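Over in Swiss-Prot, the protein carries these features:
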- GLY67, PRO68, GLU69, SER70, SER71, GLY72, LYS73, THR74: ATP binding site (BINDING)
Amino acid sequence: MAMDAQKQKALDMAIKQIDKTFGKGTLMRLGDKEFEPIAAISTGSLGLDMALGIGGIPQGRIVEVYGPESSGKTTLALQTIASAQKEGMVCAFIDAEHALDVVYAKNLGVDTDNLLVSQPDFGEQALDVLETLTRSGAVDLIIVDSVAALTPKSEIEGDMGDTHVGLQARLMSQALRKLTAILHKTNTTVIFINQIRMKIGTMGYGSPETTTGGNALKFYCSVRIDVRRIATLKQGESQIGNRVKAKVVKNKVAPPFRQAEFDIMFGEGISYIGELIDYGIKMDIVDKSGAWFSYGAEKLGQGKENAKLTLKENPKLREEIEMQVKEALGFGEALGMDQEEISSADQ
């Protein structure tokens, strides 16, 4: 709809005044600038990348990964770091829990020699480090593990039994207000790992679970991922890993509420090859007859673990199956598919 000359002149003058006061580009028409699709960092899980809708964690955004203990939250964060480092990105890990396992991180493919690590003494220090790294514009991905461990200084220095109502929530709210404006300019991605707590007095109405750190993080996040362990993987009598379900409960960059299931193997992390087999079966690329897995005329092995071992030892065959699976899913077309239909395969 055309604007009359007088209004147009007034608008142009207003834009010039705003640009002069706050800098060029402060106010613009969307049609004057070409916007590129949101770039993403792979999570290391094919299914979760699909569920997120853009092929991974969105760059330049705040993301929350939460769930019960030992559900795979830190593993997911470390796998994302490994993926980012392979793309030449600079990554940092703010270890507020002081529990980072360097050997495990190496096993997941993290370049620990070039990973920036901070183990802060209290919450304010952790968030100051986070803000400084973000403002520098030199760090692409920062993990904060975890929100629950961001204890305010006054609580640490106080006596046992002292009450500190809402201190951590106020701290998080202030930090997130400052961070949001910076992230857009520096394109830094921040992933907060969070724990869940039980609400008191829900009386059966609504979910009894909530996350720590107040409500601010829920609002400022572009993506929230709920990670749950749903089964234990066994080989004979030995436990070798967990089957995990990740549900995207909030997504500002794609449709939400999609979910994915994948295996996390003890000491190895997310089983990408296991996902290839699962998706291969769903897409009729890999055949499963009884306990036997095969690809065309090639026998992959009896049992999923043997099939995974065959593909691990034969990179050429693995790449061939991977190419066909990705082509069958096709990250443009498949991002709109129902994740519940393709997220889990026959065991």
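Just so it is clear, glycine is given a Cβ too, placed from its N, Cα and C backbone atoms.
Swiss-Prot feature annotations superimposed on the structure.
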residue: GLY67; record: ATP binding site; Cβ contacts under 8 Å, 6 or more apart: LYS73, ILE196, ASP226, VAL227, ARG228
residue: PRO68; record: ATP binding site; Cβ contacts under 8 Å, 6 or more apart: GLN195, ILE196, ARG228, ARG229
residue: GLU69; record: ATP binding site; Cβ contacts under 8 Å, 6 or more apart: GLN195
residue: SER70; record: ATP binding site; Cβ contacts under 8 Å, 6 or more apart: ARG229, ASN242
residue: SER71; record: ATP binding site; Cβ contacts under 8 Å, 6 or more apart: VAL227, ARG228, ARG229, ASN242, VAL244
residue: GLY72; record: ATP binding site; Cβ contacts under 8 Å, 6 or more apart: VAL227, ARG229, ASN242, VAL244, ILE264, ILE270
residue: THR74; record: ATP binding site; Cβ contacts under 8 Å, 6 or more apart: ASP145, ILE193
Neighbours of GLY67, PRO68, GLU69, SER70, SER71, GLY72, LYS73, THR74 excl. site residues, C-beta within 8 Å of centre, ATP: VAL227, ARG229
For LYS73 (ATP binding site), the three-state class that DSSP assigns: helix
Cβ neighbour count within 10 Å of LYS73 (ATP binding site): 25
